[in-house]
Amino acid sequence: MKKLEERILHDGNVLGENILKVDSFLTHQVDFSLMKEIGRVFADRFRESGITKVVTIEASGIAPAVYTAEALGVPMIFAKKAKNITMTEGILTAEVYSFTKQVTSTVSIAGKFLSPSDKVLVIDDFLANGQAAKGLVEIIRQAGASVEAIGIVIEKSFQSGRKLLEDDGQRVVSLARIEKFENGKVVFGKADA
Ligand code: G4P
(Lines of atoms letter the chains of each structure in order from A; the text may use other names.)
(Lines give C-alpha, C1' and ligand atoms only; values in the text may rest on other atoms or scores of the structure.)
Protein backbone atom coordinates (compact mmCIF):
# COMPACT_ATOMS: atom_id res chain seq x y z
CA MET A 1 0.00 0.00 0.00
CA LYS A 2 1.87 2.98 -1.36
CA LYS A 3 0.37 5.58 0.95
CA LEU A 4 1.30 3.52 4.02
CA GLU A 5 4.87 3.02 2.79
CA GLU A 6 5.21 6.76 2.17
CA ARG A 7 3.94 7.47 5.67
CA ILE A 8 6.39 5.02 7.20
CA LEU A 9 9.26 6.67 5.32
CA HIS A 10 8.09 10.13 6.34
CA ASP A 11 7.13 9.58 9.99
CA GLY A 12 8.63 6.24 11.07
CA ASN A 13 11.79 6.08 13.16
CA VAL A 14 14.12 3.12 13.21
CA LEU A 15 15.21 2.25 16.74
CA GLY A 16 18.30 0.11 17.13
CA GLU A 17 18.59 -3.08 15.09
CA ASN A 18 15.00 -4.05 14.40
CA ILE A 19 12.31 -1.79 15.81
CA LEU A 20 10.26 0.69 13.83
CA LYS A 21 8.56 3.40 15.83
CA VAL A 22 5.30 4.53 14.26
CA ASP A 23 3.63 6.09 17.27
CA SER A 24 2.55 9.24 15.41
CA PHE A 25 -0.01 7.40 13.26
CA LEU A 26 -0.48 3.78 14.37
CA THR A 27 0.70 2.61 17.80
CA HIS A 28 -0.06 5.60 20.04
CA GLN A 29 -1.58 8.55 18.16
CA VAL A 30 -3.87 7.20 15.45
CA ASP A 31 -4.43 8.75 12.02
CA PHE A 32 -8.04 7.76 11.42
CA SER A 33 -8.04 8.70 7.74
CA LEU A 34 -5.06 6.41 7.07
CA MET A 35 -6.67 3.69 9.23
CA LYS A 36 -9.89 4.06 7.26
CA GLU A 37 -8.01 3.55 4.00
CA ILE A 38 -6.20 0.56 5.46
CA GLY A 39 -9.60 -0.84 6.45
CA ARG A 40 -10.88 -0.33 2.90
CA VAL A 41 -7.87 -2.05 1.35
CA PHE A 42 -8.26 -5.10 3.62
CA ALA A 43 -12.01 -5.17 3.03
CA ASP A 44 -11.62 -4.98 -0.77
CA ARG A 45 -9.16 -7.85 -0.60
CA PHE A 46 -11.44 -10.09 1.47
CA ARG A 47 -14.89 -8.98 0.36
CA GLU A 48 -15.54 -12.24 -1.50
CA SER A 49 -14.30 -14.45 1.37
CA GLY A 50 -17.51 -14.38 3.38
CA ILE A 51 -15.82 -12.93 6.48
CA THR A 52 -18.18 -12.81 9.47
CA LYS A 53 -15.84 -11.44 12.18
CA VAL A 54 -12.62 -9.46 12.43
CA VAL A 55 -10.37 -10.43 15.35
CA THR A 56 -7.36 -8.53 16.70
CA ILE A 57 -5.42 -8.08 19.94
CA GLU A 58 -5.26 -4.99 22.11
CA ALA A 59 -4.00 -2.34 21.90
CA SER A 60 -2.57 -1.23 18.58
CA GLY A 61 -4.41 -3.77 16.46
CA ILE A 62 -7.74 -2.21 17.35
CA ALA A 63 -7.60 0.84 15.07
CA PRO A 64 -6.91 -0.96 11.77
CA ALA A 65 -9.22 -3.82 12.80
CA VAL A 66 -12.21 -1.63 13.58
CA TYR A 67 -12.01 0.17 10.23
CA THR A 68 -11.66 -3.15 8.42
CA ALA A 69 -14.73 -4.43 10.27
CA GLU A 70 -16.64 -1.29 9.40
CA ALA A 71 -15.76 -1.62 5.71
CA LEU A 72 -16.84 -5.28 5.73
CA GLY A 73 -19.94 -4.59 7.85
CA VAL A 74 -19.08 -7.22 10.48
CA PRO A 75 -18.24 -7.09 14.22
CA MET A 76 -14.70 -6.61 15.48
CA ILE A 77 -13.50 -8.52 18.56
CA PHE A 78 -10.22 -7.75 20.30
CA ALA A 79 -8.44 -10.27 22.50
CA LYS A 80 -7.71 -8.96 25.97
CA LYS A 81 -4.31 -9.19 27.59
CA ALA A 82 -5.37 -8.69 31.20
CA LYS A 83 -7.83 -10.83 33.07
CA ASN A 84 -11.09 -8.99 33.42
CA ILE A 85 -13.42 -9.63 36.37
CA THR A 86 -16.46 -9.23 34.15
CA MET A 87 -15.28 -12.13 31.95
CA THR A 88 -16.61 -14.99 34.06
CA GLU A 89 -17.46 -17.94 31.85
CA GLY A 90 -16.65 -19.53 28.53
CA ILE A 91 -13.33 -17.81 28.16
CA LEU A 92 -11.02 -18.96 25.37
CA THR A 93 -7.33 -18.36 26.08
CA ALA A 94 -3.88 -18.76 24.55
CA GLU A 95 -0.37 -18.15 25.84
CA VAL A 96 1.55 -15.53 23.88
CA TYR A 97 5.28 -15.12 24.27
CA SER A 98 6.68 -11.71 23.45
CA PHE A 99 10.27 -11.81 22.25
CA THR A 100 10.40 -8.05 22.57
CA LYS A 101 9.35 -8.04 26.22
CA GLN A 102 10.52 -11.59 27.03
CA VAL A 103 7.35 -12.39 28.93
CA THR A 104 4.52 -14.83 28.35
CA SER A 105 1.03 -13.47 28.75
CA THR A 106 -2.39 -15.04 28.57
CA VAL A 107 -4.71 -13.49 26.00
CA SER A 108 -8.42 -14.16 26.00
CA ILE A 109 -11.70 -13.78 24.13
CA ALA A 110 -15.15 -14.59 25.52
CA GLY A 111 -16.35 -17.71 23.72
CA LYS A 112 -19.82 -16.28 23.14
CA PHE A 113 -18.43 -13.93 20.48
CA LEU A 114 -17.15 -16.72 18.22
CA SER A 115 -18.99 -19.74 16.87
CA PRO A 116 -18.16 -22.68 14.56
CA SER A 117 -19.90 -20.95 11.65
CA ASP A 118 -17.61 -17.90 11.85
CA LYS A 119 -15.09 -17.12 9.12
CA VAL A 120 -12.54 -14.88 10.74
CA LEU A 121 -10.15 -12.30 9.38
CA VAL A 122 -7.31 -11.67 11.85
CA ILE A 123 -5.84 -8.15 11.72
CA ASP A 124 -2.76 -6.88 13.55
CA ASP A 125 -0.54 -3.82 13.40
CA PHE A 126 2.85 -5.60 13.34
CA LEU A 127 4.07 -9.01 12.31
CA ALA A 128 7.44 -9.73 13.88
CA ASN A 129 7.80 -13.22 15.35
CA GLY A 130 4.16 -14.07 14.84
CA GLN A 131 3.39 -15.05 18.41
CA ALA A 132 0.42 -12.71 18.80
CA ALA A 133 -1.20 -13.90 15.55
CA LYS A 134 -0.47 -17.53 16.45
CA GLY A 135 -2.27 -17.04 19.79
CA LEU A 136 -5.28 -15.52 18.04
CA VAL A 137 -5.43 -18.44 15.59
CA GLU A 138 -5.37 -20.85 18.54
CA ILE A 139 -8.30 -19.08 20.22
CA ILE A 140 -10.32 -18.97 16.99
CA ARG A 141 -9.73 -22.70 16.49
CA GLN A 142 -10.83 -23.43 20.08
CA ALA A 143 -14.16 -21.83 19.16
CA GLY A 144 -14.39 -24.16 16.15
CA ALA A 145 -14.34 -21.16 13.81
CA SER A 146 -12.09 -20.90 10.76
CA VAL A 147 -9.33 -18.40 10.03
CA GLU A 148 -9.70 -17.13 6.48
CA ALA A 149 -6.58 -14.97 6.48
CA ILE A 150 -4.27 -12.82 8.54
CA GLY A 151 -4.03 -9.16 7.52
CA ILE A 152 -0.99 -7.26 8.74
CA VAL A 153 -0.35 -3.53 8.51
CA ILE A 154 3.46 -3.66 8.83
CA GLU A 155 5.42 -6.90 8.41
CA LYS A 156 9.08 -7.14 9.28
CA SER A 157 9.99 -9.79 6.73
CA PHE A 158 13.41 -10.38 8.24
CA GLN A 159 11.77 -11.87 11.34
CA SER A 160 10.21 -15.30 11.47
CA GLY A 161 6.48 -14.51 11.84
CA ARG A 162 5.33 -15.11 8.27
CA LYS A 163 7.06 -18.49 8.10
CA LEU A 164 5.52 -19.60 11.39
CA LEU A 165 2.02 -18.71 10.19
CA GLU A 166 2.41 -20.02 6.63
CA ASP A 167 3.85 -23.31 7.91
CA ASP A 168 0.60 -23.61 9.85
CA GLY A 169 -1.37 -23.16 6.60
CA GLN A 170 -2.37 -19.53 7.13
CA ARG A 171 -2.66 -16.97 4.36
CA VAL A 172 -0.81 -13.76 5.29
CA VAL A 173 -1.55 -10.44 3.55
CA SER A 174 0.68 -7.51 4.53
CA LEU A 175 0.20 -3.92 3.41
CA ALA A 176 3.85 -3.01 3.95
CA ARG A 177 6.73 -5.46 4.08
CA ILE A 178 10.01 -4.28 5.54
CA GLU A 179 12.88 -6.25 4.07
CA LYS A 180 15.56 -4.65 6.24
CA PHE A 181 16.77 -1.57 8.00
CA GLU A 182 19.86 -0.07 6.37
CA ASN A 183 21.75 2.75 8.08
CA GLY A 184 18.64 3.65 10.03
CA LYS A 185 16.47 3.68 6.89
CA VAL A 186 13.57 1.39 5.99
CA VAL A 187 13.97 -0.80 2.90
CA PHE A 188 10.68 -2.25 1.60
CA GLY A 189 10.10 -5.53 -0.20
CA LYS A 190 7.02 -6.17 -2.35
CA ALA A 191 3.82 -5.81 -0.33
CA ASP A 192 0.77 -8.07 -0.76
CA ALA A 193 -1.72 -5.24 -1.29
P1 G4P B 1 4.95 -10.91 17.54
O2 G4P B 1 3.61 -10.49 18.07
O3 G4P B 1 5.02 -10.86 16.04
O4 G4P B 1 5.46 -12.20 18.10
O5 G4P B 1 5.96 -9.83 18.02
P6 G4P B 1 6.92 -9.62 19.26
O7 G4P B 1 6.63 -10.58 20.35
O8 G4P B 1 8.28 -9.53 18.71
O9 G4P B 1 6.39 -8.18 19.67
C10 G4P B 1 5.65 -7.89 20.79
C11 G4P B 1 5.01 -6.56 20.70
O12 G4P B 1 5.85 -5.61 20.03
C13 G4P B 1 3.70 -6.54 19.94
O14 G4P B 1 2.93 -5.51 20.48
C15 G4P B 1 4.15 -6.15 18.52
O16 G4P B 1 3.09 -5.61 17.77
C17 G4P B 1 5.19 -5.14 18.84
N18 G4P B 1 6.22 -4.95 17.82
C19 G4P B 1 7.01 -5.88 17.26
N20 G4P B 1 7.88 -5.29 16.43
C21 G4P B 1 7.62 -3.97 16.47
C22 G4P B 1 8.20 -2.83 15.83
O23 G4P B 1 9.14 -2.91 15.04
N24 G4P B 1 7.66 -1.62 16.13
C25 G4P B 1 6.62 -1.47 17.01
N26 G4P B 1 6.16 -0.23 17.21
N27 G4P B 1 6.05 -2.53 17.64
C28 G4P B 1 6.57 -3.75 17.37
P29 G4P B 1 2.38 -5.53 21.96
O30 G4P B 1 3.32 -4.85 22.85
O31 G4P B 1 1.98 -6.91 22.33
O32 G4P B 1 1.08 -4.76 21.80
P33 G4P B 1 0.58 -3.28 21.76
O34 G4P B 1 -0.19 -3.14 23.02
O35 G4P B 1 1.78 -2.37 21.63
O36 G4P B 1 -0.27 -3.29 20.55
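Every residue, even glycine, has its Cβ placed from backbone N, Cα and C.
Predicted automatically and left uncurated, TrEMBL annotations should be read as such.
As given in TrEMBL:
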BINDING   Leu20, Thr27, Lys156  xanthine binding site
BINDING   Ala128, Asn129, Gly130, Gln131, Ala132  5-phospho-alpha-D-ribose 1-diphosphate binding site
DOMAIN    35-154  domain 'Phosphoribosyltransferase'
* To do: Compute the mean position of the Cβ atoms of Leu20, Thr27, Lys156, which form the recorded xanthine site, and then list in sequence order the other residues of that chain whose Cβ is within 8 Å of it.
  => Gly12, Ile19, Lys21, Val22, Asp125, Phe126, Ala128, Ile154, Ile178
* Closest of Leu20, Thr27, Lys156 to Ala128 (5-phospho-alpha-D-ribose 1-diphosphate binding site), Cα positions, binding-site residues only -> Lys156
* To do: With H, G and I counted as helix, E and B as strand and the rest as coil, say where DSSP puts Gly130 (5-phospho-alpha-D-ribose 1-diphosphate binding site).
  => coil
* Which of Leu20, Ala128, Ala132 has the fewest nearby Cβ atoms, counting only those within 10 Å, among these binding-site residues? -> Leu20
* Asked: Any idea of the Cα spread of the xanthine site, Leu20, Thr27, Lys156, as a max distance in Å?
  -> 15
* Structure fact -> Across all protein chains shown, the one of the binding-site residues Thr27, Asn129, Gln131 with the most other Cβ atoms within 10 Å of its Cβ is Gln131
* Structure fact -> Across every protein chain in view, the count of C-beta atoms other than its own within 10 A of the C-beta of Gly130 (5-phospho-alpha-D-ribose 1-diphosphate binding site) is 26
* Provide the three-state DSSP residue tally for the domain 'Phosphoribosyltransferase' (35-154): helix first, then strand, then coil. => 41 helix, 44 strand, 35 coil
* To do: Please classify the secondary structure at Leu20 (xanthine binding site) using three-state DSSP.
  => strand
* Can you grab the distance from Gln131 (5-phospho-alpha-D-ribose 1-diphosphate binding site) over to Lys156 (xanthine binding site)? Cα atoms, rounded to a whole Å. => 13
* In angstrom units, rounded to an integer, how far apart are the Cα atoms of Ala132 (5-phospho-alpha-D-ribose 1-diphosphate binding site) and Leu20 (xanthine binding site)? -> 17
* To do: Could you measure between Lys156 (xanthine binding site) and Gly130 (5-phospho-alpha-D-ribose 1-diphosphate binding site) for me? Cα positions, answer in whole angstrom.
  => 10
